[in-house]
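Colleague: One structure, as structure tokens, below. Some questions next.
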């Protein structure tokens, strides 16, 4: 038997497979890319809708309406490609900049959600103009857009595009609008669901949900986050049915694209539209089955779903077809309703067999199932009836036909057949079905619908003219317009619902009536307390504001609001207009957006709306997500006290200045009428109308001139120096020198300061002369008496040491005296006359040594500064007043000031005082005269205020009630805490600083202490001391000192502070606070935040080693104790036992808890840590601090569970330190003091912000870089040349990386991310390379190194280095638990951990195909870091001390010093050396050199041998890999920077000889030498070849070093190109914290460019060989980023995997 016919033909099969493969490739090449993240159901829906298109899913974004938007984007692409240059109706704001082919865009004025879309529109490009016009109601700036709508615009265009923007325009109206534009073709995308053809109801389909209420249809697709489209049903029906428009503007409508029920309609103007019938839904997947029992009438009292039930139900076609086929073919005996229900239930279940779907199923509701069963049964019954009737009637007809005679047949043939349409079966005489009959059918199948309707054009010229006349007549009668015959425009443009970003817009075309709010309103601060809380106003300032009332007079005209706010004796004016820039106290700018029609205004995070109601003006303020609704009544308020208003204004000003000092971004500058006003917190156009023309206070509460820095701030009052009271009587004997010189009458008014007219202002000085009044007779001479001491009186002390005195500045011992001079520096009146009497030589211009502005400096006969204040009689000039004080700060030493200008020049005291406060130097003194003293006493900086709110008082009283019910607290019966403000002093200090000893018996009446032990201690000293409960009876009206105040129960602390006449708190904020023993939650709820007024840092109790351990909590602690080491472990207990829990106290008789020991001092203590104290110690480090600071000589630690080690108190740190030879002592700290850059030239202001994209594209063009299609490279793994590699079983890699980037052009060498294969490549490529050993003596290399580092002598390692080690660990969030005892048998002691670096290196070369492996960090164990770290730090300090002044090491220098050294080397060139594989080429020779230097410094031999051992053979432990290797340098060991720099110095000094070496700088493997010439030494080749060094030397006029550009004779300049290039590689996500960190880094970099920006452009462009315009553009780009206006792109890029194989070799 032959079987060849059953054998497949290979050629045919291959050809078919090739054709299929080619088709698949073609489909993928032309596939639609789906970018949003989709659920599984959404994916299935989209695949079904988009057939036969091929889809490629690349999820990278989240969309609110993903299904519609994918379809929309595809149809949009089709329309725009066909339309070309066109007019667009209703463009989405976000698409404006993306479509340059659009000639003109028609919009409507934004309302509803359209406003939100315009706010989120791009702010650059063409969209910016449209956005500005839309939001501000401005006319278009050009012809590219309009806000007249498609129907009202007349822009001529041949082709148009309307993407989901015609759903509320009838086809006839569109035809007229196209004719008005002269348009011949219009591509329109519309959403036309078939359900609109059905009666009202709710329709569930497989793709969407449609709710049809009879008038409108709302469609929501699967997975939409909000309601979708909302359209007029009648208009949608017209678009479905209409295929042409007839009349004056004929039109043909053709469906050219369809995706589901989304259509692209091509509207073409045609003179004679022909019939174009079409089937709109040939691929419909639903059949609509009628429900006999439809929805009922109106809803009843209780809501019901009946009214929303469908009269039709969407049934999948496969369900309905199978059900009808099954029912129609059943036997008559088997046909029944139950059998149909059983079959329907069976086919409704989804069945899958593996990946094959055997039955799709149907998830239907009960109503739908009932309707389907009913309709199917009745339909099948009707069909069976038809079948029976047709057969019966047919048989009868056959019998009748066959019984006819010949004559009858001839008659039928002659007369019936001719001229008639013959349809077989008509002669059966069957009945005809009516449309409304049940027999007409129960379902609607959209697949068979055919439409071809014509809509007449609505051109009714005659009717329109008649309507216009009628409208004008009605207007003449004063009635509303009734133009009911106008065509309905509906929603056009951005108000279209069917664009995926346009859902839910509500349109109200009617203009709202503008309501005038003019009138007078009463504003009280108590109404605005919730707003103050939202704004973050301090409680004391809010309390002041709550006591104030204001009257606000409002007038509105010309689209602006003018408010006149009267508060006490002050009147403030504000003007609200759109676009006004508000004052801010930071770099952030705020522009007021004001809409008088909508009665809204907003700026930054604040928004406000107002409405005039019958009760008054209702204002709704929303700030930072918190809202406040207030109703201001009409009328005039009772005036507030002038003193309270002044105090409020002063406190508000200080708050604004405090925010300006300490906040990075600042906020609004709050004016008085901004907090107690009608529209808080806005106060645009602030001005203060004062009745006193010379008060000058109108500038006190604004920041327009407050741009200078701050040298100090207010601090609590310190004790004044005891002195005599100021003279109060005229006949009191006084010293003539002590008189305020400004009240002395001048002999004649000087030309520079003419005499001022008299004024009643209290701020005016007391010059008694007047230009317009006769000179008063001189007062009788006062008797002169010389007192034995100075008569100045201390009024206030600032934290920086500056002081304010009452008296004469001639008593000062400051270096400089400041004279209130005139512009010509001639002898004048007032204080200037007093200076001339004492120091006449100081007015000689020839003796002036320098000038700063108007200020003149002289040293003859003593240091004096002649400062010039502005003349406020001529002009108020606050900026000049600021400059007058600022010009006196160009000096060394301290200065004594008067209040400049408050005499003859009539400068207000408060204004001059504030200017001095902002512009002085630490240690300066200010001397006030009597009128100024009165002002200062009224406005003196107060003590810290503790505000007790009503909630706090209520909670404290509850705690007092609970206390009163106990035996201990019975004294608290009837005691209450009232809301209010308490002023206090708080002396805080380190443990044992003598806080208690500083209290004298004459200064206090009652001492309140937390424990009995402290009470007994105070009583032994003779004080009346009480515990908190018993002290309730004695503290009222007394001077009270509260010891250990933070540990007192807060309700008792508040009670005593409120009852006392004065309260002085003692304590330590870092020690144990009050404990909530009852666990009622009341203690933490009312615990006050106490602000120390003094800090004492010298301890007389704690030994030196204790101070080092607790320095993290007390950075400035110092000790007077002579005990060096007091902490010991594993010794017998001594002295007082201290435990942490009551259980441990019971187990150790005689012990006391740490809480009880707080404040006590013992000679010897034993700390016993038990396991039950773990939670207490871990949650409260204060307990450990208290336990460690109770002894003076010795403390034994018994820590069996290791609890103290977990919080950083480790014996291993101390033991290892002393084991390595450490000593108690103090070296100089290693911190380099770095100053701030002054704005000398400030050329950076000449560089405006620029576009980041243009800057980076220009950088790419000049460097030759291109956009990288990948995120990282996994380079080929090199061969393992030495060592042993342990690999994981799974080498999983990530295929892609998600980043937020500034640009897609990366200018850095793209390395591997942190994943398995990258780690293996780095381990093998960096640490598995063969080491070239070099056996030679180190004498020659050490001798060459002497050129930079001479021979070092023995050094000592002190506790200073130990403290710096502990401080570094604390800053990194580490504790002492990782430092172990030095046991080399333990792997944890010597484990070296490997991490893969994730940062890349800037390069001007290839960024992808570089073929280099990544970089890693091999971190030594914390035990070795703690062992070697102090020694290496001490060696580093010794090297720094031995370096020549022109040799710079690492970062241990001030940047300006290196810049000055480079600037002082003109004529030199720059020698640069770049090491390749610096760490990998280090070997036994470099290690030996390190050990020689360690021996020179006196390091113990066992430590040197241990270091040599660890460096020569090691194991790197990665997360899942490990490598055993030899000799390589580790980047994470404690001496990495030190020994890398030393080896770099040694190689450079040994291999090269320099002529005229001026400057040398070394940092790690980076080095630069400034010299006139160089040559390679004769011994260089031996060292380079022996060690396998890879040096790349460059010698050029300008070089690069450590992120700066080195320009001899000019200095060092920031490397702008390198910094900008590295920014391109950074990931600015995923959270805003990372972006803010990088933005601050950009700000720091720009600060370095402040004075050298222009020079940097010229020099940096030369060193990189780029154009100066590029550097200029990069600086502008950095300013854009610093302003927070950078744009980030979220990208998901693949990882290029080039790894091949890893070869093992064991040695």
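Placement of Cβ uses the backbone N, Cα and C atoms for every residue, glycine included.
According to Swiss-Prot, the protein carries these features:
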BINDING   989, 990, 991, 992, 993, 994, 995, 996  ATP binding site
COMPBIAS  761-772  compositional bias 'Polar residues'
DOMAIN    789-937  domain 'Macro'
DOMAIN    948-1096  domain '(+)RNA virus helicase ATP-binding'
DOMAIN    1097-1230  domain '(+)RNA virus helicase C-terminal'
DOMAIN    1468-1579  domain 'RdRp catalytic'
REGION    60-240  region 'Methyltransferase'
REGION    241-439  region 'Y-domain'
REGION    442-509  region 'Putative protease'
REGION    510-691  region 'Zinc-binding'
REGION    714-792  region 'Hinge'
REGION    745-783  region 'Disordered'
REGION    799-956  region 'X-domain'
REGION    974-1218  region 'NTPase/helicase'
REGION    1221-1707  region 'RNA-directed RNA polymerase'
Colleague: Using the Cβ center of 989, 990, 991, 992, 993, 994, 995, 996 as the ATP site position, which other residues in that chain lie within 8 Å, going by their Cβ?
Modeller: 1068, 1096, 1099, 1100, 1101
Colleague: Mind checking which of 989, 991, 992, 994 has the fewest other CB atoms within 10 A of its CB? They're the binding-site residues.
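Modeller: Minimum Cβ neighbour count within 10 Å, taken over the binding-site residues 989, 991, 992, 994, occurs at 994.
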Colleague: Over the domain '(+)RNA virus helicase C-terminal' (1097-1230), what is the model's average pLDDT?
Modeller: 79
Colleague: Tell me, if you would, which residue among 993, 996 (binding-site residues) has the fewest other CB atoms within 10 Å in the structure shown?
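Modeller: So among 993, 996, the binding-site residues given, the one with the fewest Cβ atoms within 10 Å is 996.
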Colleague: What are the sequence-distant neighbours of residue 990 (ATP binding site), meaning same chain, six or more residues apart, C-beta distance under 8 angstroms?
Modeller: 1068, 1096, 1097, 1098, 1099, 1102, 1114, 1117
Colleague: Could you tell me how many residues in the domain 'Macro' (789-937) are helical, how many are strand and how many are coil under DSSP?
Modeller: 48 helix, 36 strand, 65 coil
Colleague: In terms of DSSP three-state secondary structure, what is the assignment for residue 989 (ATP binding site)?
Modeller: strand
Colleague: Test of understanding: give the count of other CB atoms lying within 10 angstroms of the CB of residue 995 (ATP binding site).
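Modeller: Result for residue 995 (ATP binding site): 22 other Cβ atoms within 10 Å.
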Colleague: Could you tell me how many residues in the domain '(+)RNA virus helicase ATP-binding' (948-1096) are helical, how many are strand and how many are coil under DSSP?
Modeller: 52 helix, 28 strand, 69 coil
Colleague: Counting by DSSP, what is the helix, strand and coil composition of the domain 'RdRp catalytic' (1468-1579)?
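Modeller: Computed counts for the domain 'RdRp catalytic' (1468-1579) are 41 helix, 37 strand, 34 coil.
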